[in-house]
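Student: I am attaching a structure below and will ask some questions about it afterwards.
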Ligand SMILES: Cc1cc2nc3c(=O)[nH]c(=O)nc-3n(C[C@H](O)[C@H](O)[C@H](O)COP(=O)(O)OP(=O)(O)OC[C@H]3O[C@@H](n4cnc5c(N)ncnc54)[C@H](O)[C@@H]3O)c2cc1C
C-alpha cells in the first residue's frame with residue numbers, strides 16, 4: 001500500500017467521515033485485496049559489507065518483538081521512569097484499513113506476514129506444493145494481534161495447573177487468574193463479574209455485527225446436549241458466541257492498547273523496521289549485554305545494562321537464540337556458529353493444526369450490502385459486516401477420541417461466515433466450521449537453515465505423526481461433531497448442507513477414511529505455534545530452555561517471554577495467554593531489579 005495513501009487515511013481518520021473519506025476506505029480495501037492477490041515474499045541475503053555499522057546509546061532493557069508479550073513488557077517496564085527501554089520490531093505500524101476486522105483474511109498475504117512455510121511433511125500438508133504448508137505469523141507492530149482473527153481465549157484452568165505440575169512456581173491457574181483479570185476490559189453483558197474485569201488494556205466485546213447463524217448454532221448445541229458457556233469462565237466445554245479483542249468494531253491490537261498507552265513516556269523508544277540479528281552474549285561471562293539489529297541500511301549494536309528480553313514469537317525467538325549461539329551445540333557447530341550455551345532450543349514445537357475443509361451453504365439469512373454501504377456503516381455506526389472476521393460461534397469439545405483424564409477439550413470448532421466484503425448479492429450464505437486440534441501429541445522441531453539472519457528457519461511441524469494417531473482421531477472426531485451440528489433441526493431449518501467437492505487425492509474413499517485422508521492432505525497451521533523455547537523446572541526437564549522466571553538457563557541477563565515458552569499446550573488460542581506471559585515477565589523483572 002502506498003505510503004502517501006496510508007498517510008492520507010490516517011490524517012482523514014481524525015475527521016468526520018465525509019464522502020471523500022468513505023471513498024478512501026473503499027479504495028484502501030480494493031488496494032489491500034489486490035496486494036493480497038499478487039504479493040510474493042522475496043528472500044534476501046545478508047551481506048554485512050552493505051551496512052554501515054554504528055553504536056547507539058545504552059538502554060537498561062532491550063525487548064525484541066512487539067507481539068502480545070513484548071508490548072505488555074514494554075508498557076509495564078516503562079512505568080518505571082528511571083529505566084530506559086528500547087523495543088525493536090521488524091515489522092511496521094498497522095494501517096486504518098488493516099484495522100478493519102473483515103480484512104483479516106487478506107492480511108496474511110501481504111508484507112504484514114512473514115510468509116513462513118513448513119518443511120516438506122510426510123504425514124500432513126500432502127495437498128500442498130512439495131507438501132509444505134503455509135505458517136502464518138505477523139510482521140507488524142503489535143505482532144500477530146495486528147493480523148489475527150481477534151478471538152479472545154484464556155484456555156482452560158487445568159492447562160495452567162499442568163504447567164505448575166512441571167515444578168513451575170507461580171504458573172498455576174490461581175496464580176495466573178489475577179493477571180487475566182488485570183488485563184481485561186470486558187464489555188460483554190452477562191459475564192460472571194467474579195471472573196471478568198473492566199479497566200485493563202484488552203478491550204473485549206462481541207463482534208459488532210453478527211447474523212442469526214450464531215444463535216442457531218447455540219440452539220443446535222442445545223439439541224445435542226452441548227451447554228452454552230462462557231468459555232473464558234468457570235466451564236470451558238460447550239458452545240458460545242466469541243469474545244473479541246475489538247473496540248467499537250475495529251481491531252484493537254496490543255500496539256494500540258499497551259503501546260498506545262506507553263508511547264508518550266520519554267523512557268520508551270520504539271523502533272519499527274528494526275530486525276534483531278543477534279543477541280550480544282559474552283562467551284566468557286555468558287552475559288547478554290546487547291542486541292545487534294538492522295534498520296534503514298545500518299547494522300546497529302545497542303547495549304543493555306540490565307537485561308535483554310526476547311519476545312520475537314514462537315518461530316523467530318528460537319531462530320534468534322540459535323543465531324546468537326544458544327541452542328543445540330552440534331547443530332550450531334555444523335553451521336559455524338560459536339556455541340555459547342547448549343540448550344534444546346527449537347525442540348518441542350507444538351502446532352495446533354486446523355482443518356478448513358468443512359464448507360456449508362445455507363439459505364440466505366443476511367442482507368448483503370455493497371462495500372461502500374459497509375464502509376459507511378463502519379464509519380458512521382461502528383457496525384456492519386466489516387466489523388467482524390466472520391466468526392459467529394465457537395465450541396470447545398472433548399470428543400470420544402480424547403484419552404485425556406481431565407475435563408479438557410481436544411478440539412475447537414469455529415463457525416465462520418465467508419464473504420464479509422461483498423461485491424454482489426448471493427442467493428445463499430456460506431459458512432465453514434474450522435476444526436482445530438488443541439493438544440497435538442505430535443511434536444515438531446525448528447532449526448536454522450543456515451547462519452544468515454535474513455533467511456527463514458526450517459520449521460518441521462511434524463504434524464500427525466504420533467504413533468497412536470491420537471491427533472488424527474481427534475481431528476476426525478471434531479469433523480464428525482461439526483457435521484452432527486449441521487444435521488440438527490436448528491441448522492436444517494436454515495437449509496444447511498455441506499458444499500463438498502471431494503479432494504481429488506481422497507475422492508475414492510468414503511466416511512471416516514475420507515476425512516482422515518482430507519485432514520492429512522489439507523489441514524494447516526492457524527498461527528498458534530508454541531513450545532520452541534519451552535519453560536521447565538531446572539535440572540528436571542531436559543527440553544527446557546527457560547526456567548520458571550523465564551530466564552534462559554545458563555545465560556545471564558537474558559529472558560524469553562512469548563508463546564515459545566508455553567510448556568504444555570493451551571485449550572485455546574494464544575494471544576490472551578501470551579499477554580499474560582508478558583505481564584508476568586514484567587512482574588518478575590521488576591521483582592529482580594527493584
Ligand atoms: C492468521 C492468524 C489468526 C490467529 N487468530 C488468533 C485469534 O483469533 N486469537 C488468538 O488468541 N490467537 C490467534 N492467533 C495466534 C496468536 O496471534 C499468536 O499465537 C500470538 O500472537 C502469540 O504469538 P507469538 O508469541 O509467537 O508472537 P507474535 O505475535 O508472532 O509476535 C512476535 C513479534 O516479534 C517480531 N519479530 C520477530 N522477529 C524479530 C526480530 N528478529 N527483530 C525484531 N522483531 C522481530 C514479529 O514481527 C512480531 O511482531 C492467530 C494467528 C494467526 C497467524
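Along the chain as shown, residues are numbered 1 onward.
Yeah, the Cβs are placed from backbone N, Cα and C, and that goes for glycine too.
Feature annotation from TrEMBL assigns FAD binding site to 144. What TrEMBL records for 313-327 is domain 'Glucose-methanol-choline oxidoreductase N-terminal'. Residues or ranges marked as signal peptide in TrEMBL: 1-15.
I'd like these features described in context: how deep, what's nearby, how far apart.
Tutor: Under the DSSP three-state reduction, residue 144 (FAD binding site) is assigned to helix.
If you look at the domain 'Glucose-methanol-choline oxidoreductase N-terminal' (313-327), the same-chain residues 6 or more away from its ends with a CB under 8 A from one of its CBs are 64-65, 67, 90, 114, 116, 135, 137, 143-144, 276-281, 283, 337-343, 345-346, 349, 446-448, 451, 453, 457, 459, 529-533, 545, 552, 555, 558, 560, 562-564, 566.
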Student: In sequence order, what residues of the same chain, 6+ apart, have a Cβ less than 8 Å from the Cβ of residue 144 (FAD binding site)?
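Tutor: Listed in sequence order: 67, 68, 136, 137, 138, 313, 527, 575.
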Student: On the 0 to 100 scale, where does the mean pLDDT of the domain 'Glucose-methanol-choline oxidoreductase N-terminal' (313-327) fall?
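Tutor: Taking every residue in the domain 'Glucose-methanol-choline oxidoreductase N-terminal' (313-327) and averaging pLDDT yields 98.
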